[in-house]
Amino acid sequence: MTNKIAVITLGCSKNLVDSERLMVMLSDVGYEVVDAATEAFLEADGWKGVVINTCGFIGDAKEESINEILAWCQAKTDGRIDALFVMGCLSQRYASQLPAEIPEVDRWYGKTDWPALAVDLARRSPATAPYDRVITTPRHHAYIKIAEGCNRFCAFCAIPLITGRYKSRPIDEIIAEVRMLVSRGVREFNVIAQDLTNYGKDLYGKVEIARLVDEMAAVEGVEWIRLHYAYPKDFPLELLDVMARRDNICKYLDIALQHCADTVLTNMRRHITGAETRSLLAEIRRRVPGIHIRTTLMVGFPGEGDDEFAELLDFVREQRFERMGAFAYCEEEDTFGARNFEDSIPQEVKDERLSQLMELQEKISLEIQEEKVGSVMRVVIDREEPEFYVGRTEFDSPEVDPEVLVSKTFRLEKGRTYNVKITSALPFELMAEPLAETLDPA
């Protein structure tokens, strides 16, 4: 009887890639591996283990991770599972505290030493390529993690304290992973790192994200490449030229700006001004016509008064971001912000500012979405629902961006792309009809 392990992933897509890599390693050393601890898994005969890949970025994420761990500790106590392992950011950040506080966990692993889990269980090293992994997303798209760590040390962020200094993966290894995934049916690649635009500097002496993305785009079978988590300071403009030249690089850029007011940006240690930010955004739109920009903004950081918040609202009105997320500042222990600033803005003020900001963005999003009504767009089908197919355009990253609901006028296949005509719009959804001329004949 094969021993079984369920791998539960919390947090970001970078964690998901680590979990997928661990799953193939566990499978290689003889375990039956699943990506969810279903009731069928719990009721199965034989030895059963659970791995929790945790997030420790902000308070809510830490709470979610702790609650998940405690729930599985209870399952172990009740005899529903035989072993519990924890890995990831939370266990890295609190490595000296958690084992004593939660002794029910059999073994703890951090953000970088988790490959030892498979070795410890099997008492041998998995015979897998360093980039091999199980794909838990729909088989036509995957995340490509090109680096670990971060060198920026923004005042609000604990990630460098958890993950350490920036460490790029070699270009040839990444390209080999892309080719492997293409051979397994992946056509869409979402490139991720804590700081995409610092890629390669540690390995090659200069930023090489443009070269990497260009080489990825040259791999036969790659249909879409989408770029996530760029940093505005010292943005490599040559990347924009590659994006404009390559048809299979999506006209999409995820770039976290956080704020626009100089006082707040200085306190955040972002090393960029509001004017420089505006200049960069104008250059991005000039060099890559039609690009959709996703950004993340923060309200309530120390130094944000009423004037600075009003400036942020004006900035969002002016820039009209196609995609935007936002959150309220929450002080994180050991960060520069926690050590040097008083978190003096009341929570109710932060919440009100966040609400105002997102209400404004919802209005802008609806206006941008409505401009697409009547147009023809290319859509990849992710899944089928009872009344419609659910897809995305090149401007929509999985899970975080709007979806396109395509009517069931024709039979469509998951993972394929089709031309559709947009018929109506909501702030975060488009409705569409498939065009007959893009379909294979019956």
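Just so you know, glycine gets a Cβ as well, placed from its N, Cα and C.
Not measured: the values here are computed from a predicted model.
Cross-referencing C55, C150 against the [4Fe-4S] cluster 1 binding annotation in TrEMBL, which names C12, C89, picks out C55. The average pLDDT computed over the domain 'Radical SAM core' (136-367) stands at 96.
A gap of 15 Å separates the Cα atoms of C12 ([4Fe-4S] cluster 1 binding site) and C150 ([4Fe-4S] cluster 2 binding site). Other residues of the same chain near the [4Fe-4S] cluster 2 site, with their Cβ within 8 Å of the Cβ centroid of C150, C154, C157, are R152, F153, F156, A158, I159, P160, Q194. Straight-line distance linking the Cα atoms of C89 ([4Fe-4S] cluster 1 binding site) and C157 ([4Fe-4S] cluster 2 binding site), rounded to a whole number, equals 13 Å.
For the [4Fe-4S] cluster 1 site, the Cβ centre of C12, C55, C89 serves as reference, and the other residues of the chain with Cβ at most 8 Å from it are L10, G11, K14, N15, T54, G56, F57, A61, G88, L90.
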